[in-house]
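Residues annotated as active site in TrEMBL: His423. Residues or ranges marked as compositional bias 'Low complexity' by TrEMBL: 13-27. Marked as compositional bias 'Polar residues' by TrEMBL: 38-48. For 52-62, the entry in TrEMBL reads compositional bias 'Basic and acidic residues'. The region 'Disordered' annotation in TrEMBL covers 1-62. Sequence annotations record features per position, and here TrEMBL assigns transmembrane segment to 104-125, 145-164, 176-198, 204-222, 291-309, 339-363, 410-430, 436-455.
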Amino acid sequence: MAALESPENHIKATATSTATTSSSTTSDLNFSVRRRSTTVTDSPSTEMMESEDLKSNGKECDKVTNENRSDIKFNYRPSMPAHRGVRESPLSSDAIFKQSHAGLFNLCIVVLVAINSRLIIENIIKYGWLINGGFWFSSKSLRDWPLFMCCLSLPAFPFAAYLVEKLAYQNYLPQLVVVFLHTIITTGSLLYPVLVILRCDSAFLSGVTLMLFSCIVWLKLVSYAHTNSDLRAIAKSIDREDVPSISPYVGNPYDTYFKSLVYFMVAPTLCYQSSYPRTESVRKGWVVQQFVKLIIFTGFMGFIIEQYINPIVKNSQHPFKGNLLYAIERVLKLSVPNLYVWLCMFYCFFHLWLNILAELLCFGDREFYKDWWNARTVEEYWRMWNMPVHKWMVRHIYFPCLRNKIPKGLAILIAFLVSAVFHELCIAVPCHVFKLWAFIGIMLQVPLVVITKFLQNKFRSSMVCPFLHLFISQAERLKSGTSDK
């Protein structure tokens, strides 16, 4: 009888048996999974829901398994073609900038850590431990420490500025007198620390800290006076109905609050305003972590200065009295540790310290820097690496110059001039060396701004160095010329 059955009946019987077998296998699998789930949960409703989910998941898994088996059976045969299209090599000129290089970046980090670890060990073995605390802190009494004097005296200048603004708000002082008093206050807040440092033989770190602190106070006082002067002018315009009702300043009337000035003087910003974006709470654990990082990176920065930079400088000849090649070699030898110190300084101050201060004060706007490492020109770099100073320059120098019909190029030059003066003060005064090296170095950035902007306009590429872009374009031209021939 079985031999006399028709082929159709045989196929049906086979399909039925296969379906029965697969269904029984699925039911056994679901039953075994269901038995496992009952050992975990006790609720009947939970068991039913989990069994239904496991049934659907089991069907999906069976479907995916069957598809994978089908792919292995038909798509990965020896006769299937392995080359199915035109592709470029990852390092070719057409594809190198269209992919991620995270692996190469990680490899460079590993190599960099290995090389510098070897150099550190070699330096310690050759020269020993060169850390000298006398370079950082003086053993003199506190009365000869400029930073201690600064902490006692500099807060008097913001208080004087507040009194001037309070009298101006009550219309007791005319505008010219207010400007004159603010000029005296801001100038005194900068000249007084300079005289203290020059008269006292203090430690280098104390002098630099005092100058940075006094420069910050000067910038804040200028912003406080300039902003309040503008708010007074707007308030008078509102009284005369010269300002439209849609003006954004109408909802922020001019007033003077001592609490606002105190918060501004300790906040991580240089631009005064009556209120700032605030966060809800302080993350204490996060603050502790950032403090630990600050201590570690500050110590590493001091180690590089004492162990590498100071010995190189002491053992070097005068740059204008020795051999030119020797001077170039010394400069190149100093470039790497100087770069590490600069990166550590940036990370410690702009990321760790300012974020710690912002967290403790619930200061919301924490854009202290942008991605300056992706800057395409020198101008973009100066706009992105120090956002508090950049916002101050734009708000109180650049746009006021433009409103007074000063050309854009001259306004940029004035901003660089102000920056060069403050760089010279922060370097020359603590070192007691007035050679204008810092001033000249900052002013030389102006021609670099012009040159890099010209190159950026000529070779428009956001990710490629202009010279590399020029090389790639020339190679593409040669390639196209060869293909035409």
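A Cβ is built for glycine as well, from the same backbone N, Cα and C atoms used for every other residue.
Automatic, uncurated: that is what TrEMBL annotation is.
What you are looking at is a predicted structure, and each value in this text was computed from that prediction instead of being measured.
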So if I exclude everything within five residues of the ends of the transmembrane segment (145-164), which remaining residues of that chain have a CB under 8 angstroms from its CBs? That is, six or more out.
138, 173, 178, 181-182, 185-186, 188-189, 192-193, 196-197, 200, 202-203, 206-207, 209-210, 213-214, 217, 220-221, 224-225, 256, 258, 261, 265
Restricting to CB pairs under 8 Å, which listed stretch, 104-125, 204-222, 339-363, 410-430, is in contact most with the transmembrane segment (176-198)?
204-222
Near the Cβ of His423 (active site), how many other Cβ atoms are there if near means within 10 Å?
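Looking across every protein chain shown, the total is 17.
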For the transmembrane segment (410-430), which partner among 104-125, 204-222, 291-309, 339-363 gives the most CB pairs under 8 Å?
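The stretch I would name here is 204-222.
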